[in-house]
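In what follows, a structure is listed as structure tokens, so that the remarks can point back to it.
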């Protein structure tokens with residue numbers, strides 16, 4: 001497949017995933033905002049901080065939940081033990097659908113992936129809202145049953161789709177799949193072949209180590225909260241709500257781009273091979289795409305950081321009421337806005353790095369991440385003792401900055417002997433930087449005088465000021481970043497053409 005065709009399919013995957021996820025996430029956003037009005041901070045902390053860790057550990061050490069961790073007060077969080085078991089069961093169910101997810105991702109089945117995940121999330125939110133209204137005394141039962149329902153719907157969507165697809169031999173999509181029937185996805189022993197393909201096994205082990213360390217880096221603050229008890233359940237709940245709200249944009253925009261263009265880079269470039277030894281057309285296309293993605297990530301992250309500082313308190317007040325907007329919530333969300341900027345850049349740099357690295361380079365990167373994981377956990381503990389829950393976000397910023405530095409160093413070496421300089425995407429014009437600075441100053445003054453205790457007329461005026469500044473900033477982007485605008489227009493055009501052809 002030619003690089004331009006791969007790029008078109010990747011752009012289609014990213015844009016379609018983005019549009020559909022925005023639509024479905026808006027629905028779940030409203031449902032979750034409604035649910036928060038009926039929950040205590042403590043049960044939110046148990047469900048969103050401790051339980052995801054329990055799901056992870058349940059696959060290895062199921063007794064960690066009930067034997068090592070502090071059991072919450074039954075009057076505050078009822079049915080804790082049973083809820084733990086149901087959450088563990090939902091993890092097993094979700095793993096059953098993993099082969100289908102990998103197959104859909106590798107073959108860029110856009111609508112299947114987005115609709116399956118979005119539909120299951122919406123139905124989970126609806127079930128949670130209904131149970132919270134009708135049976136609030138069920139406590140953790142509500143969330144554990146909703147999670148099991150979510151994973152069941154998700155797996156069923158994939159199973160039904162592939163059962164139908166593999167049952168239609170004349171389908172063009174079916175002819176491109178590496179399997180011809182559902183049983184091919186089950187473990188089996190092939191005659192006259194080695195029981196284990198050691199080359200693939202070693203590569204899988206490298207990625208497993210990388211994923212394990214990335215889990216520590218991504219969820220490290222949850223481990224510190226859970227095992228070291230640096231925050232009470234209520235503070236954990238506030239932190240997680242702000243964390244989920246702050247990462248909403250990252251999940252909606254950056255994650256589809258990262259996943260889609262990782263596939264693009266992996267298909268266009270040869271893993272572990274120097275750029276000068278590959279097809280120069282492929283290397284050039286990859287460089288142009290990487291430069292544009294870096295510029296897009298930087299602009300999106302800066303916009304969120306600049307405007308997020310002045311609108312964090314208002315957003316939390318609208319989303320969760322006084323429970324979120326009157327405590328540590330606003331400063332947490334403001335800090336998270338800076339973290340989103342680093343998340344955006346890291347997502348793009350790592351998707352290229354992991355697609356181009358050789359196995360040996362992945363192993364060396366894993367060794368670096370091992371040291372980073374240890375320092376991150378220690379820094380999380382120290383910063384949290386020093387400045388409360390904000391310390392977790394500051395530790396995450398440090399962690400992300402180190403990972404970005406590692407990836408930028410790899411990209412620089414990769415293109416050092418070629419004429420291409422994709423890292424130029426991280427440079428912005430002085431005019432645009434000045435516009436961001438002025439917008440941040442104006443919206444900051446607006447927040448002081450108009451938000452958030454002076455009623456809705458003042459709030460609407462504050463929103464109007466932000467809208468004007470955002471419009472001026474986007475207008476400056478259109479005038480100064482013509483290369484990026486051209487890339488977005490052409491690739492969205494390619495994705496629409498590809499969509500019509502399929």
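Glycine is treated like the rest: Cβ placed from N, Cα and C.
Per TrEMBL, the features are:
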TRANSMEM  18-39  transmembrane segment
TRANSMEM  51-68  transmembrane segment
TRANSMEM  80-102  transmembrane segment
TRANSMEM  114-135  transmembrane segment
TRANSMEM  141-163  transmembrane segment
TRANSMEM  283-311  transmembrane segment
TRANSMEM  331-355  transmembrane segment
TRANSMEM  367-384  transmembrane segment
TRANSMEM  390-411  transmembrane segment
TRANSMEM  423-445  transmembrane segment
TRANSMEM  460-479  transmembrane segment
Proximity of the transmembrane segment (331-355) to the transmembrane segment (390-411), 3+ C-beta pairs under 8 angstroms: yes
Cβ-Cβ under 8 Å with the transmembrane segment (141-163): same-chain residues at least 6 beyond its ends: 43, 47, 51, 78-79, 82-84, 86-87, 89-91, 93-94, 96-97, 100-101, 103-104, 109, 112, 115-117, 119-121, 123-124, 127-128, 131-132, 135, 182, 185
Tertiary contacts of the transmembrane segment (460-479) (same chain, 6+ residues out, Cβ under 8 Å): 299, 303, 306-307, 310-311, 314, 431-432, 435-436, 438-439, 442-443, 446-447, 450-452, 485
